[in-house]
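First the structure, in the form of structure tokens, and then the observations on it.
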Amino acid sequence: MNDVIGLAPWLIGIPLIGAAILLLGGKATDRWGHWLGVAASAASGVIGFILMFRMIGTPAEERSVDHHLWTWLSAGGLDVDLGLRLDPLSLVFVMLVTFVGTLIHVYSVAYMDHDPHRRRFFAYLNLFVAAMLTLVLADSYLLLFVGWEGVGLASYLLIGFWDTGRPSARENAVAAKKAFVMNRIGDMGLIAAMALLFAGTGALDFATTLSDDTLGSLSEGTATAIGLCLLLAACGKSAQFPLQAWLGDAMAGPTPVSALIHAATMVTAGVYLMVRSGPILEAAPTAQLVVVIVGAVTLLFGAVVGTAKDDIKKALAASTMSQIGYMMLAAGLGPAGYAFAIFHLLTHGFFKAGLFLGAGSVMHAMGDQTDMRRFGGLSRFLPITWITMGLGWLAILGIPPFSGFWSKDGIIEAAFIPVEGQPWRAWVFGTVAVLGAGITAFYMTRLFFMTFGGRRPRWTENQHPHEGSPLMWWPLVFLGVGSAALGLVLGVGGTFVTWLEPVVGHAEHHEPVLPVPVIITSTLVVVVLGALLAFRMYAMSLVPEEAPRGSFLTRAARRDLYQDAANETLVLKPAHGVARLLQVGDRDVVDRGWSLLPQVLSWFGAVFRKAQSGYVRSYAAGMAGGVLVIAVVAWLVVGLGGAQ
Amino acid sequence: MTPAGLEISGGETVLFWVIAPLMVLAALGLLFVKRAVHAAMCLVFVMVSMAILYIAQEAPFLGVVQVVVYTGAVMMLFLFVLMLVGVDASDSLTETIRGQRWIGVLIGIGLAVILGGVVANATFPPAAGLGGGDPGGVANPQALARVLFGDYVLAMEAVGVLLVTAAVGALVLTHRRRLTPKQTQESVADRRIKALPDGVVLTPLPPPGVYARSNAMDTPALGPDGEQVPQSVSRVLRIRGQERPAPEGPAVVVSTSSTRGATSSTPESERDA
Amino acid sequence: MDITNYVVLAAVLFAIGATTVLLRRNAIVVFMGVELMLNATNLAFVTFARMHGDLTGQVLAFFVMVVAAAEVVVGLAIIVTIFRTRRSASVDDVNLLRG
């Protein structure tokens, strides 16, 4: 392992250099810039593969390596060393980010072919890859925070990529700002968590803070506070309730961005943070419970919203939110759930990226149309997209043996494991997980058949859908194969769980409250029921071109369960009120008070100004008079001849 | 070191009572005379009297210095400056600042009363005296020199530096930078030659006419052609209109007014230059 | 006669000098008032030297003279400069620092 560890910094360095060249090179790099971006990402991927294979050849207990680079900060008692941590967990992310990332780079070459700013797009993508790798490879919370902000920046730049400044592009700018601001709330949580952690343990690196000795010295209250702050950070980055509102709007960015950043990688950083900080959460059962609740709420929230969306990308975004809810739920369950959280993250990264790229392919074919009610019957015209998206659809449904089954089923089983003293938990969260699986089946089937199914196309005039260039469908094929087979490869025999064991710890085997076969069967039954319902509604019958009014729940879901209205009422309005109050107070109390002071001073000045006649003799008279007064006073005080 | 007790001689008493009122009178002159020169003379009197009092008070060296430095140097400097500023620039004694006169008078009287009162009320030790003109006494200049160049040698040096600095400072302050090139005889001649096309006369102007009737300067001379030459009369007289026409003679008589009109355009300021 | 008469004379001369400074407007005369005050103090110094039988008073008077000479030189130079630019030696004309 140690002979190739020197390559690790280049994982980050190559994409970063690529981004720098593309950003600083200007128009000179326009012609070949996109290929440089692909090459940088691919080079990172190759290094990742090398490290991966070396790690597989290493004994399990030696797989976690901290690679010290240099001392970053040395201030008083604070010494922050900049270093990279290579362990099974971070390498899973490295593989996901570089592999999926490279595929999406390749896809983007074709997808952004006609965009005049394609070079800039690839610069941002490279920047994102570098930042994401920094995030997952960091060996301390501080460096993790650097990557955390880096991906936030890249996300902001890419959501607003099509913001040309024209009024028609306003949506992009607003979406970018919304994502930026909501992410800042989460970042505040991360900063607060770091501050608390530093105050409690005096260190920020994983090796120290996450060790049993250090955590043993923390009180449960502190650990809970840190855990909740970390959860806030994770909520912001991963679009979890209550900071979920930005993800849907973020779909304003180019589709490859939605696939890479807002589905496969960046939004899962919150899950990574939770799993990485697992020991802290285990020391704070309350925080753990909150994590599970947040996961469960988001799971249902995203699923319900997904059922009503007609915009294909927004439906997928809601689905992403819901799937990350599954991961969060698992991350809150302790060692039993960590491995499955990451496993689901990995499989989700593949099938959701595939679904998004497929959606992009559909949009590409339909002239940037995103309304699913204007699709239909596309399976004949886009066979490759149809098959690959079908694989992704089966994967997300959790149909065995596709990849989603292996990971999601693990989470559902883990949710049913009873917690000592709180028997209700297993039932509640287990049921929610199963229910979520059912709704997922419904909306994904709806999406799939509204797009590809149906005999009668509902296209707008003069559309001739056809597959894009090989650059676009080859990545789809790769991702489709991954969606189909990854779970089988890694899930059978618990390969993946064993792989992660050095990091997340060995989970004691607990029996769920229901027998495992019962859980699997009932989940499958619910999923098939949901899928059949959707098939009946959207494949067997005609889909109206205009959305029907729908029930109250449908309308609410269409409007994201009033999340924006809720934010407006609960946060914006009171904040505006406070701001207005402060403004009035500042103007009428502070400003007026301070302007009183110069007024008084200028009045004094006007009075004393008269004494300054400019006549030397007046001043001399003043001095002489003063001498006289002092002499008289001295005389009166000391007395005549009193000096004797 | 000093003889105990000091008797002030009758001569000194007389001297004091003669000089002191005169000094006060002269000092008051500073307040009341109009011309600065007179004030300076009053001050000179006060200072010379002061020198006499110094000598009477066993300070012969200071008396001499007083005469040399104050009356000889300082007051002369005052007089020089007065001449520079204008000797006869008399100072109006009317007060322009409201209330200044009363304030000044009150402060003056107050100072006199307070200082006098303090002196009158203070109890002084019996006067010791300095041993008169006794060569071994402390009053002689050698003793003073010993103190000055012994205990106070550093102060002496510092004061010397101060004097030099003051002299240089005065030079710097009164130095006037020349803003125009210096006028030399050559440059004046050049200027006049250059002005020749403008009608400037290079040669001396003709003198006024001299006639049997009168040889005043107010009559213009007659040229060889019998014409009157207006430039021969002083410009001042011509401007004042005090010019007298030349007497009628056998020569061609020309009306003075037309002649004056014809030649008045000639620049004549050169006569005065 | 008492030796304190000299001191009283000094006090009177000092008061007259001070009044001159306050009342006269011609800068040169004002200067003379200052000189008169300095001379009055010198008289007091000399008198006290004689009264106490100590030469220090005379030394001080000497230094006062020297410093006064320096002061006069600079002061008169200033007056000349002001006169040159303003064509006036009145202290009231120099009131540009009016508030």
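Glycine too: its Cβ is placed from the backbone N, Cα and C atoms.
Record features (TrEMBL):
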TRANSMEM  A:6-24  transmembrane segment
TRANSMEM  A:36-56  transmembrane segment
DOMAIN    A:72-122  domain 'NADH-Ubiquinone oxidoreductase (complex I) chain 5 N-terminal'
TRANSMEM  A:89-109  transmembrane segment
DOMAIN    A:138-430  domain 'NADH:quinone oxidoreductase/Mrp antiporter transmembrane'
TRANSMEM  A:185-204  transmembrane segment
TRANSMEM  A:216-236  transmembrane segment
TRANSMEM  A:257-275  transmembrane segment
TRANSMEM  A:326-343  transmembrane segment
TRANSMEM  A:378-399  transmembrane segment
TRANSMEM  A:426-449  transmembrane segment
TRANSMEM  A:470-493  transmembrane segment
TRANSMEM  A:513-535  transmembrane segment
TRANSMEM  A:619-638  transmembrane segment
Cβ contacts under 8 Å made by the transmembrane segment (A:36-56) with residues that lie 6+ beyond its boundaries: 1, 3-5, 7-8, 10-12, 14-15, 17-19, 21-22, 29, 63, 86, 88, 91, 94-95, 98-99, 101-102, 105-106, 109, 122-123, 125-126, 129, 133
Tally of residues which DSSP labels helix, strand or coil - the domain 'NADH-Ubiquinone oxidoreductase (complex I) chain 5 N-terminal' (A:72-122): 29 helix, 13 strand, 9 coil
Mean of the pLDDT scores, which run from 0 to 100, over the domain 'NADH-Ubiquinone oxidoreductase (complex I) chain 5 N-terminal' (A:72-122): 85
Intrachain residues whose Cβ lies under 8 Å of the transmembrane segment (A:6-24), provided they are six or more past its termini: 33, 36-37, 39-41, 43-44, 47-48, 50-51, 67, 69, 84, 86, 94, 98, 119-120, 122-124, 126-127, 129-130, 133-134, 137
Long-range neighbours of the transmembrane segment (A:619-638), counting only residues six or more past its ends (CB under 8 A): none
